[in-house]
Amino acid sequence: MANSASPEQNQNHCSASNSSIPLTQANLPTLTLSGKIRVTVTFFLFLLSTTFNASFLLKLHKWTQKKENGKKLSKMKVLLKHLTLANLLETLIVMPLDGMWNITVQWYAGELLCKVLSYLKLFSMYAPAFMMVVISLDRSLAITRPLAVKSNSKLGRSMIGLAWLLSSIFAGPQLYIFRMIHLADSSGQTEGFSQCVTHCSFPQWWHQAFYNFFTFSCLFIIPLLFMLICNAKIIFTLTRVLHQDPHKLQLNQSKNNIPRARLRTLKMTVAFATSFTVCWTPYYVLGIWYWFDPEMLNRVSDPVNHFFFLFALLNPCFDPLIYGYFSL
């Protein structure tokens, strides 16, 4: 998870000022073969996602340059622009950080970067999830409340601003709970191994459980519920219109109550939601399993853990491909 750590790193009954914990060399992590494969695939996905998302942003920029009379981007293109920015931010922070951390195994960047990068990591994970909520809400309102949407031209931009603001606020606790710890031998002397973890940040075990559940809910459960509800309302509304007058949904006609372009954006929204759900569900299910059964880490192999994480990283790669497919 975004703020998870190993059981040894999450002891609650300890001094908050303690910066070293007793570990043995046998407990130290190492870069295994599966870890090397994870690093290789992570950097490959980093290049792929950066290329796809940067290309889409460049395409939007060129499109605005060609527009005549200073016309602005459509609302859907503005939403896609911010989703792409969020995906690019996640790509540029999460993927290199994970890849380099797996190579070095321990943390060399110091206390300040431990806190700042932990904050930026969670911020960059919140942003795409919240932007998916904004897109789903906007498309749902466009179908179910079209007059209200037209009368409030600033609604979309307000939701976008709120998504970025909440992402920055909800990631704030990372600056407090993450810190550097050092390996200590039996005599209490540090042995040069350091790590960036949440050790001693939570006075009681349930404090950490609550925070983990909060981040899990904001990153996955709440966005998923919003997307399901919004898409269900869209389907219900379209089904009702179809039953009232089947000719209203004939795509081959130029004059439709629901134009072909709008139906295409609706399909694209559903595809975005499907990509988000399929890519992230295995990763978060594994995280929930670990909360209820910490010994699970000893039963699930490292390659499986690595696969679920890498599968989640496909999401920012898929989004620009989805837009490209529906733009053909």
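For all residues, glycine too, the Cβ spot is worked out from N, Cα and C.
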Ala109 vs Pro294, same side of the membrane according to Swiss-Prot: yes
Which candidate, of Asn18, Asn252, Swiss-Prot gives the annotation N-linked glycosylation site: Asn18
Disulfide-bonded cysteine for Cys114 as listed in Swiss-Prot, from Cys196, Cys200: Cys196
Long-range neighbours of the transmembrane segment (158-178), counting only residues six or more past its ends (CB under 8 A): 3, 78-79, 82, 114-116, 118-123, 126-127, 130-131, 133-134, 137-138, 196-198, 201-202, 211, 215, 218
Close in space, distant in sequence - Cys114 (disulfide bond), Cβ under 8 Å, 6 or more apart: Trp107, Phe178, Arg179, Met180, Cys196
When counting Cβ pairs under 8 Å to the transmembrane segment (209-229), the leader among 39-59, 85-105, 272-292, 307-327: 272-292
In three-state DSSP terms, the structure that Cys196 (disulfide bond) belongs to: strand
Contact call for the transmembrane segment (85-105) and the transmembrane segment (307-327): at least 3 Cβ pairs under 8 Å, seq gap 6+: yes
